[in-house]
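Summarising the annotation, TrEMBL assigns domain 'Cytochrome b561' to 49-256. For 87-108, 128-147, 205-224, 236-256, 317-337, the entry in TrEMBL reads transmembrane segment.
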Amino acid sequence: MTQLIQKDGKSVEIGCSAESGNSKNEGNGAKSCEVDLKADQFEKNLPLSIHLSDSQSSDFFSLDSLVPPLQQGLTKDQRRSFSKAHAILMIFGWLLFVPTGFLFARIGKDLFKDELWFGTAVWFQVHRAANFMGVVCICTSMLCIFISQQWTWKGTGSKSKYWTEVHTDLGVISSVLAVAQPINSLFRCGPTHSRRIIFNWAHRITGIVAYTLALTAIIIAAVQFKRIWNEPLLELVLVCLPIVICLVVTIVFTLLESDRFRDKAAFGEMRIRKPLLRSDGTRHRKRGSDSMEDALITVTDEDSKPIRKPHILKLPAVFWAVGVFFCIAVALSLLVVNGYKN
């Protein structure tokens, strides 16, 4: 009979026999015995010793060595789930909502010009709503990654891997700037204020810096974090597509709507027709004709301004770009979901 004995004399007998099914013969002639015990059968702080039937005893050992450690914090799968949520939310924030807000602010101001949403221009409402959704995704994403890392800092000074530190630093800075954008918009001056141009440029520069840092952080993740990003080349291309589309669409329509490329007749340049008069102020009658119709010439009124209309392809191009942004975000999210193969 085998016994587990504590120093105060308390013991638990363990029956090891072939009949009970818990005894095994090992290949070297030794026997092994497996028994399920409850920890509350012993005093927690007193050491144990195994006493065999042939009067042999083992050295004393602690009860903790027999009890598996309790799970602290999140499991590995839970942490990975939060990491994936972090990546997906950043993808939707920076690669769908922010580019959409940029496009409507940059080239969408003359779209739906005669319509208002809740008393405000359509382009501004879309710009504001898209960026608000982007900021919500970004903030929620940061919360997810801090939970995944159990609130442990992984940036500069954390002694983490180099690219992990760089990714963390760029991500945090870009997120702070993204949150600052809607906040500083609350303090902007009126459109006709003399200092409005200062706000406009500060708003643009902050947005450009934030997006550049965020895009760099996402590229680092796609290239370096191969456990979760399994297709680095494909993911790199998809990550860079939104900014490329924004730049191309902006440049193309800026050129198409410039004076050099604009067809003046097609875009409704205002012209007026005036009768041709003699120097004495009487109307001129066509020569060689008995018609009393006044000869008219077309002149341009210098005080009138041409009516500028958006290019016919601008609206489809903007919505096409937004659709592509959405498809890219979904594709990258699916790739992230399939990460962590082992």
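Even glycines carry a Cβ here, placed using N, Cα and C.
Nobody curates TrEMBL annotations by hand; they come from automatic prediction.
Against the transmembrane segment (205-224), the recorded stretches 128-147, 236-256, 317-337 differ in Cβ pairs under 8 Å, and the greatest number is found for 236-256.
Across the domain 'Cytochrome b561' (49-256), the prediction's mean pLDDT works out to 87.
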